[in-house]
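Notes to accompany the following structure.
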Amino acid sequence: MVRCARGGWGTITAGLLSILVGSALAGPDLTDKHEKGRCAIRGHCGKQGFFGSDLPCPDNGLAEKPEEDVKKKLVDICGEQWSDTDVCCTGEQVDALKKNLDRATPIINSCPACKENFYNMFCTFTCSPNQSLFINVTNTEPKGDKFLVTQLDHLVSNEYGSEFYNSCKDVKFGATNGKAMDFIGGGAKNYTQFLHFLGEKKFLGSPFQMDFPRPNKTEFPGLTPMNKTAYPCNTTNENFRCACLDCGGSCAELPEVSEARQCHVGLLPCLSFAVIIIYSVFLGLLCTAVAGHVAYRKISNHKNERLRLLQDLEPSDDEDEGDIVHNVGMLDRPMKHYFINTWCDRMFNRLGYVCARFPVITIFISILVVALMSLGWMNFEIETDPVRLWVSPDSAAAQEKNFFDEKFGPFFRAEQAFLVNDTGKEPGPVLSYDTLRWWFGVEGQIQRMLSLEGGVKLDEVCFKPVGDACVIQSVTGYFQGDFSNVRPDSWEDTLLDCVDNPSSCLPTFQQPLDPHLLFGGVNQSVLDAQALIVTWVVSNHAEGTPEFQRAMNWEDSMKDMMLVFQGEAERRGLRLSFNAEVSLEQELNKSTNTDAKIVAVSYLIMLIYASLALGSTTLTVRSILRNPANALVQSKFMVGIVGIVIVLMSVAASGGLFSAAGIKVTLIIAEVIPFLVLAVGVDNIFLIVHEFERVNISHPEGTIPERVARALGRMGPSILLSATTETIAFALGCAVGMPAVRNFAAYAAGAVFINAILQVTMFIAVLALNQQRVEANRADLFPFVKVSRADSSYLNGGMGYGAGEEGDLQKFIRKTYAPAILGKKAKVFILALFFGIFAAGLALFPKVELGLDQRIAIPSDSYLIPYFNDLYDYFDAGPPVYFVTKELNVTERPAQKELCGRFSTCKQYSLANIIEAERKRPEVSYLAASAANWLDDFFFWLNPENSQCCVNDKKPCFEDRQPPWNMTLNGMPEGEEFIQYLERWIEAPTTEECPLGGAAAYSNALVIDEKHLTIPASHFRTSHTPLRSQKDFISAYTAARRIANDIQKDAGTEVFPYSKFYIFFDQYVTIVRLTGALIGSALGATLLITAILLGSIQTALVVTLVVGMIVSTIIGSMAVLGVSLNAVSLVNLIICVGISVEFTAHIARAFTFPSRVTMERAPRHSFRGRDARAWTAMVNVASSVISGITITKILGVGVLAFTRSKIFEIYYFRVWAALVFWASTHALILLPVLLSLFGGKGYVDPESDGGLEQDLRSRQYPALLGDDEDEYDSDE
């Protein structure tokens, strides 16, 4: 049709330039006189050849009055301005003028200004009484006794030519959605090219040469350029104003999109720049403070030296007073008790005593309670539907999806395939005759296929907009799905013709095929396309219906068949990738199943490590070498096993409890909770066992329940602090609307809380039983076997050979590490380093991307990976988007003007005009196409010029209507008449005679309420630009939201955007704020709980600051490690807050409640006050933090490195590896430094108080006795 259209335009031009008839002039003086009322050419004088068009005769005579019938025809064509004037044309000219202008009208009819200017120019050229003023015949050719005009000059003013071109340059030609200028102006880029194309003599073009020289009085004396009024396309005259679609000037002037502009200073985001400046200032102040301190110390030392020289050199009696104080650090030791800590200590002491006193009863009750809670698993359900996972049912996206599905039906199910020729060294064209023959066969088999379940065929489930034809968007549709229509010698030409004019090659479902949806990797033409794209559209139905199940059954069988076709394609040197609607959910479930063994392996490794590490608290290499039988008694494999079993019990109890409450398990819960509880739970077991072994050494005279009670009394408050903070941090996630996050938060909080309870009850009972076994000299794992060869010195609490021996790690921390990091110079360096890391983390915040690539969420060997790659590489079309209106009464004229776009009285900020204006700035709107406006097409369907559309009694519906059909909407139907015609249109088929029928394109685009004469809902379809990344999808969704809000403001009714992918990206509109709120709330909870349980706001602030710095650094690491922010990583960040508290809480509590025995042995003359307490905290618990927290998490996280799931590897392994590294370094390096500088007041540790422990302090750490004092060096 494109070629026909171009040929038709040549005929139009030929006719318009050869419709004059007049008398011939003899002699060379062709246009002697140039004055008003005189002609230059008139009439037809013949043709140059047999196939040529009629050429005008030169005629410099006077203009004449037309006959009445000629005048009437001329007025009908050219307007009322020709009703009372002389003319230079005759009746046959006017007939020819009408015939040829009618051919041009369909191309330019949508823009009244362009049409008027076009008509005006050729009417003036043909009939103006003042032709001689702007036309000069320059060459003629004799024809018998007449002369034929073969060349002339046509002077047109620059103003008219420019306005004429501008009014037509953006006009769309509806049949191809191309530009009308391509047909009427040869694709001209300016008005001189436009006029040159109109006047150029060529085959199927102008029959004579018409030159358009630029006006010049010197070159053309006596000539005056034609300068009639040309209407701009955005004229204020409603009769000629063009729509925004055809005229950029008519588009609403949209405000600049501020969201699209991000604040930058040079190449740096403003946040990064500000952080760098602030850190630089901090570093400068720190250096200044250090320099000032050094200078002050020098001056002070110099003064002291002068004073000592003036004083008596005899020793003072007071100098001996230092011998009274064993250690200067004890001068500032805490003297007060903190009542909350004392109460907690007493409660945990009592709890520990009861559990250890009645261990069997405690274990039985614990197992019984967990078993009862686990009964809820009978109500266990797994939620796999991504929509119900990631979208809050109360969110706008969910409600809009429900509205769309209810009013227009669920969005179609799409099955899509890519056939690609990229298996060679370089990609090549995929199209060939043999390939087409094979692919026709593939599609035929798919259409004939019966599903394995139910025997369903495609014909039963496909979408059928018109008749019984399924919508299959494929290259086969250009040949009506019949390979017999493909000719070996001409299929290329046929295909090119169909691509140029899709309307002439309609598939069986009678809708034009967009080439962008069928061919990928196109360079010059579709014949060199590297990929064929095929889409089968399947009707969707509500979940649970038989129709829905039939569609899924067919898709399952189709998927299996496509896997077979992949092998056939490979043998042909091609590659086939595909996706069925059911594929993604199935592949996500497959990912979960394959990673179950990773969970099992992590538990096994943790079990082995826990058993070995816990046993090392009472076993040393020397003791084993001295008597290997000791290992059989002192090992703690049973304790380790019970610790792991308690973790599993807490997971089971939490799962049962919340399953009973109807909270469904999600994939994140199934994958993450076991790791999370394992990481948190094992830590506390280490702390309890380590403390219990210390108590066995320091208080061997106590009974087992008393020793267990004392150990729990000391560690219980630490466990309470960490467990409470973690539970609350996780529980805060319940405030999130996303079910996946909310359910995870509930399960995690429950599991951590139950795990903590079991640890201070059941585990304590098991620990007491284990100690009974040890003191009875019975073998681990086999308590009925007594090991007689074991050293009896291990009885009675283990006060035997090697008891109390410091490990290498403990000794390193006490003698080297703790003194080193608490030195003055080291503190400055540590502060500068860690606040620099903190600043770097903050500076990287803007680099963290949003989104979750589908290719990451599925197994790395999934057949969907190539499909998603091809989708991004070859699919040159974006997803459809619908702008939905609610409760707008379109039967009334004001509402019609708020929606329409093709009519001159449409509001400047109507829905169609705003969408069109946004389409013209795709870099911020992400819209690629004009809206499919059902209202415009309905009104054009009523246009009597479309004589085969709306017909009453074999004549156009609006042919005799008064006022007649026009571009101002005046006289268009309203109210009941509107509904009557609308119902006829919505059932009208799309045919070649009338392509505007609404059945195919708009059958589900609007809801008609006949009773109330209104349109409760309708949608306007457009499409996004190709979206090739998560950032593009998020930006497109955000832009659509913004556009809908702008339309809503002007339309006065609710408007929202809808696309199938929006519901998955709705979370990203608020996820940054949500992340900040959740992390901020978790930090606030940490501050509150820490302040209450530690009794110091200062210490609580330090702990909260360190936790905040850890989380900030992890977020910065996400930018470096390629981890984007989404619901999965948001869950991980909440976990990071809780586990960071785990790393810091025990050190902070040991600082606040320092062990008196350990504090007394701080390095002499080196530490006092906060420094001494910081040293004491590190000596007491740092080794437990390393062996019980850091190493356990390294082992647990390290297993994830071997998962085959990309989502595990990226979102769990990378984030948790960063967590372990940053949390351990901050807790073991930065935290003690900050506590030594800014920590709050300390309190007496109730478990360190009392004469017995102080009397036995020499038994605790022999290495701490005075004979080693020479090993302590001062930092001064």
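Glycine too: its Cβ is placed from the backbone N, Cα and C atoms.
Per TrEMBL, these features apply:
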SIGNAL    1-26  signal peptide
TRANSMEM  271-296  transmembrane segment
TRANSMEM  356-378  transmembrane segment
DOMAIN    595-769  domain 'SSD'
TRANSMEM  600-625  transmembrane segment
TRANSMEM  637-661  transmembrane segment
TRANSMEM  667-689  transmembrane segment
TRANSMEM  719-738  transmembrane segment
TRANSMEM  744-769  transmembrane segment
TRANSMEM  828-845  transmembrane segment
TRANSMEM  1101-1124  transmembrane segment
TRANSMEM  1130-1153  transmembrane segment
TRANSMEM  1174-1203  transmembrane segment
TRANSMEM  1215-1238  transmembrane segment
Quick test of the contact rule: Cβ under 8 Å, at least six residues beyond the ends. What residues does that give for the transmembrane segment (828-845)? 268, 271-272, 275-276, 278-279, 282-283, 286, 290, 821, 1109, 1112-1117, 1119-1120, 1226, 1229-1230, 1233
Taking 271-296, 356-378, 1101-1124, 1130-1153 as candidates, which has the most Cβ pairs under 8 Å with the transmembrane segment (1215-1238)? 1101-1124
Within-chain partners of the transmembrane segment (1101-1124) [C-beta distance under 8 Å, separation at least 6 from its ends]: 834, 837-838, 840-845, 847-853, 1030, 1079, 1083, 1086-1087, 1090, 1133, 1136-1137, 1140-1141, 1143-1145, 1148, 1210-1211, 1214-1215, 1218-1219, 1222-1223, 1226-1227, 1230-1231, 1234-1235, 1238-1240
Who are the chain neighbours of the transmembrane segment (356-378) in space, where the CB to CB distance is under 8 Å and they lie at least 6 residues beyond its ends? 649-650, 652-661, 704-705, 708-709, 754, 758, 761-762, 764-769
What residues elsewhere in the chain lie close to the transmembrane segment (1130-1153), defined as a C-beta under 8 angstroms and at least 6 residues from its ends? 334, 338, 341, 668, 672, 676, 679-680, 683, 687, 717-718, 721-722, 725-726, 729-730, 732-733, 736, 740-741, 744-745, 748, 752, 1071, 1074-1075, 1078-1079, 1082-1083, 1086, 1090, 1093-1096, 1099, 1102-1103, 1106-1107, 1110-1111, 1114-1115, 1173-1174, 1176-1178, 1180-1182, 1184-1185, 1189-1190, 1193, 1211-1212, 1215-1216, 1219, 1223-1224, 1226-1228, 1231-1232, 1235, 1239-1245, 1248
